[in-house]
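> What follows is a structure written as structure tokens; I'll ask about it next.
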Amino acid sequence: MRSRSPPYSLDSAFRQRTLGSVRRVSERSRSFFRELSERHRTMGAVVLLVARMVPSAMRIRVVGLAAEAAFFSLLSLPALLLGLLGALGHLSPVVGVVTVEETRAWIIDTASLALTTDTVDSLVVPLIDDFLRGAQGSVLSITFLVSLWSGSRAMNVFIDAITIGYGLNGLRGFVWQRVLALIAYIGGLLFALVVLPILVAGPTLVHNLVPYTGGHLHLVYWPAVGGISTLAVVLLYTLSVPVHMPPWRHLPGALLATLILVVGSVLLRLYLSASFGQVSIYGSLAAPIAILVWFWVIGMAVLLGSALNAEIDSMWPTERTATARAELAALNLAHTSRLAERSERALRDVSGEEGNTAAEDTDETEPPAEGPTQPRPVAGVGQVGRQSADTSDRGADTPGPVPRQAGDADTPRRGTGSEDAHAAAPEPVSNADERGNVDNERTEGPHTVTSGRSGARERPEREDEQPE
């Protein structure tokens, strides 16, 4: 029967129209970008760079990795502050008591933004006082270890994402990458310890040294902050890429990261002022959430800048990055070939074991063969037992043999013409290529009767045997 075609579905028609529209839009977009790149090469290159950067950022999972880095950064912050407090308590004779008290007041005020007053008075203040009086070496070691682990984990996220964006993952081992992340985190801490006090106290120091610059410091302050941030991002990119590149190759991504960081910080401040300014549904969790979101903005800025640098290097690669990618592709090809050979070898071994098992099972279950079994020829004369077996094999329409008389041993039986023809011409049921040694084959008269098994001789029939 002819199969019926499926009924026409409205969903399939809508899907086809949608796919057709998407194809037409994509073709028009490609033609537009092609014409734009032909007419304006610079503008076309910029548009192509942006169009390639978006799927690259999605491929390295910018949003998720930025959230992971933000979480570990926030996790390392309390341990880092406690460790710095413990070290500051031991260094109070050097830095001065006033500096220690100002630091204590600033930490308590910051903690009161995230925690309730009772929690600050009962937990935070005693803990800070204990650390400022000089914490034990074991406590300082534990806090610094926790801070180093979580901070280096956040830095490892950045290094791994930047390496994947450049397509150079695999050139650096796991252990060396974690060591590099730890070095980058410690370097970031030292950089922050040097730069942040300058950014905080710099305007006051400059105003005290040069009084007439007080009204113009804001024109220099924020560009200085942006320049220092760009320098920090360039250093991070230089350290993260496995292949040495000129520092100016990292400058476009660093500028983009700084721009995203500034714009994101301004938008985040406006959002927090509108959301948490009057009544906050988050309560005491508002400050940690704000810090976490700000760390996420920083992670997004760094990863998007690295994606831009990676696409620039993909379109206009340097000699070292191109050579490194070729070597990595050769290593991956060799590794894939080894895996394919190993898989084929395993498949052959499994097939051989299955074949041997099947042969053993066949030898155990099947009886030994006794020779080929051929169909029995129709004999005109035979015993009664053989007659019944031959009759059942031939069927109901085959006439049975005629009993042989005692005096007919040497003289053939005579009868009608049709009976003589039927008795003289047996049915040709045996194959022509067989040698005639058929099971249970018999002939009339005192001839030798052989069986199909190795030509074994049987005794000749006696002439005086009579059928029962």
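A Cβ is built for glycine as well, from the same backbone N, Cα and C atoms used for every other residue.
Sharing the features that TrEMBL gives for it:
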COMPBIAS  342-351  compositional bias 'Basic and acidic residues'
COMPBIAS  410-422  compositional bias 'Basic and acidic residues'
COMPBIAS  432-445  compositional bias 'Basic and acidic residues'
REGION    342-468  region 'Disordered'
TRANSMEM  62-88  transmembrane segment
TRANSMEM  179-200  transmembrane segment
TRANSMEM  220-239  transmembrane segment
TRANSMEM  251-272  transmembrane segment
TRANSMEM  284-305  transmembrane segment
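Let's see these features in context: how buried, what's close, how far.
Listed as Cβ neighbours of the compositional bias 'Basic and acidic residues' (342-351) (distance under 8 Å, sequence separation of 6 or more from its ends, same chain) is no residue at all: none.
Residues of the same chain lying 6 or more positions beyond the ends of the transmembrane segment (220-239) and with a Cβ under 8 Å from any Cβ of it are 158-159, 162, 180, 183-184, 187-188, 191, 195, 199, 202-203, 245, 247, 250-251, 253-255, 257-258, 261-262, 302, 305-306, 309.
Beyond the transmembrane segment (284-305), the same-chain residues lying 6 or more positions past its ends with a Cβ under 8 Å from any Cβ of the stretch are 57, 60, 62-63, 65-67, 69-71, 73-74, 77, 110, 113-116, 119, 157-158, 161-162, 165, 233, 236-237, 252-258, 260-261, 264-265, 268, 272, 276.
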> Across the compositional bias 'Basic and acidic residues' (342-351), what are the DSSP residue counts per state (helix, strand, coil)?
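The counts are 10 helix, 0 strand, 0 coil.
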